[in-house]
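Encoded as structure tokens, the structure appears first; notes follow it.
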Amino acid sequence: NEAAKSPNNYFVNVGPELQQWQQKFQNTIKPIQRIPHSILLFHVNKNKLISIFRLKTCIDFKPRDAEVFYISIQKLDGCYSYIGRQVANGQVLSIGSGCDSKAIVEHEFLHALGFFHEQSRYDRDDFVTIVWNNILKENNFDKAGSDISTTHETPYDYRSVMHYSKDAFNNGNGSTIITIDPKFQNVIGQRLEMSHYDVLELNRLYNCSKYLKNVNRTTDEGQMFSINSGEVGYFMHVSTATGQEGDTAQLETQRMTPQRDCHIQCLQFYYYNSGNESDTLNIWIRDFPTFFLLGSQISHWRLHHVSLNASKNFQVVFEVRKGAGRSTGGFSVDDINLYETECPHLSLQIDDFQRVLNTSALGSGIYSSRQYSSEGYAYRFAVIFYKTYFKLSVQLLSGDYDNQLEWPCLGRQMTFQMLDQTPSIQQQMTKQMSFTTSGEATRPSKNNNQTVYGGPLVGFSSFAFLEETQDREFLKGGSAIFTLNFQGRSTILSR
């Protein structure tokens with residue numbers, strides 16, 4: 001067994017104030033505090049899996065020592081897990097062929113953390129009809145009674161990553177699940193990632209509320225600015241239409257303490273400039289170099305990320321400084337989030353996305369500028385249009401370090417995302433697909449007289465269809481945002 005040989009052992013660790021178990025859990029049989037595990041994930045980067053739970057819950061992973069109860073991740077026949085802590089000395093969780101997508105791995109880990117399937121809720125008959133005559137395996141549709149489960153006062157969740165699709169385990173005679181509300185018939189069985197209510201239930205189950213981290217209520221300094229805050233997200237607008245050159249206004253976060261040993265943070269925000277090009281937005285992170293954006297006017301909101309590696313308390317300050325020119329507008333900042341995971345390596349924003357998709361020639365695309373991976377491989381990111389669907393690809397390019405690199409570029413993981421732009425990161429359901437490079441990732445060769453030359457475009461031929469972009473907030477203000485992470489071989493696990 002390949003997984004049993006892996007030295008990469010981790011376990012799940014919840015907040016230290018979880019001292020006693022509740023009598024009844026939503027979707028749990030036995031309570032879990034720690035789940036050590038030996039992990040072998042094929043196309044799902046282990047760090048990405050860890051970061052999802054770190055970002056949205058208080059559950060964390062750390063190297064396994066000598067714990068008796070742990071999960072052994074194995075590539076067996078199918079995708080399955082025990083529900084809750086059941087077996088000592090290596091509880092098997094199978095991530096078999098075809099199971100290694102983010103949502104399916106989350107699904108199986110949620111089983112291990114204590115979750116039943118959503119359609120197993122004891123109140124499910126008010127929301128779905130089970131068509132027993134169409135089912136191959138009836139035990140997959142049994143209810144979990146109220147004696148062993150509770151809803152945690154959350155509504156029935158058609159979008160749960162734990163919900164079966166309408167045709168799951170059918171015998172060829174039709175759908176196995178019919179939603180009482182027909183508009184959810186094609187929603188159940190989504191495989192993007194954990195839904196908002198999945199996360200809420202998990203946090204309630206493990207008393208996570210004290211450990212959730214993002215930018216909390218902020219304070220203001222300066223004369224020109226206004227700030228509005230709702231349930232999620234923060235908005236700042238600084239008018240540069242009045243005042244003198246050099247006038248400033250500031251938005252400060254509270255001081256924050258890193259919670260993770262990895263010392264990796266990502267500051268994410270949207271900005272918009274309707275003022276003068278000489279106006280600037282400065283971002284001060286105390287004990288870090290100042291980062292700034294110049295004031296070029298833009299027609300759409302722009303998403304921006306700033307990578308941090310704070311190891312002690314820090315504070316983020318947004319400062320708008322009025323420039324010398326005439327202004328009729330100002331700088332706006334919205335949806336500020338600070339979270340303890342790695343920033344995307346590359347983002348590509350396409351404004352008026354639906355129009356661009358519909359009007360672009362078949363097979364044409366939009367490409368990023370040349371980028372370099374942490375190892376020195378040159379590459380670019382591409383979105384290729386086909387009217388009703390689109391392709392996401394990466395292309396290796398010739399670069400400055402090619403003579404020093406290993407070719408072919410094997411075992412590197414490429415992770416593509418179409419970002420759900422819901423303001424709260426914890427409520428986002430981003431679409432993600434990954435692959436690991438193989439023999440086609442050869443050194444780019446020169447064909448004619450190019451200064452920079454590239455290899456083949458490699459990726460997903462139909463990453464998403466137009467109708468998928470209408471769901472959630474994949475399009476915000478008409479803009480779509482795609483991200484790419486290029487992980488070096490040392491950061492992923494090979495088969």
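In case you wondered, yes, glycine gets a Cβ from its N, Cα and C as well.
TrEMBL annotations: computationally assigned, not manually curated.
Taken verbatim from TrEMBL:
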ACT_SITE  GLU108  active site
BINDING   HIS107, HIS111, HIS117  Zn(2+) binding site
DOMAIN    1-209  domain 'Peptidase M12A'
DOMAIN    230-345  domain 'MAM'
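Structure with TrEMBL features highlighted.
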residue : record              : CB count, 10 Å
HIS107  : Zn(2+) binding site : 24
GLU108  : active site         : 20
HIS111  : Zn(2+) binding site : 21
HIS117  : Zn(2+) binding site : 22
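Here the domain 'MAM' (230-345) is broken down by DSSP into helix, strand and coil counts: 0 helix, 55 strand, 61 coil. On the 0 to 100 pLDDT scale, the domain 'Peptidase M12A' (1-209) averages 78 in the predicted structure. The CA atom of HIS117 (Zn(2+) binding site) is located 10 Å away from the CA atom of GLU108 (active site). Neighbouring residues of the recorded Zn(2+) site, listed in sequence order and excluding HIS107, HIS111, HIS117, comprise SER81, ILE83, GLU108, LEU110, PHE115, PHE116, VAL161, MET162 (Cβ within 8 Å of the Cβ centroid).
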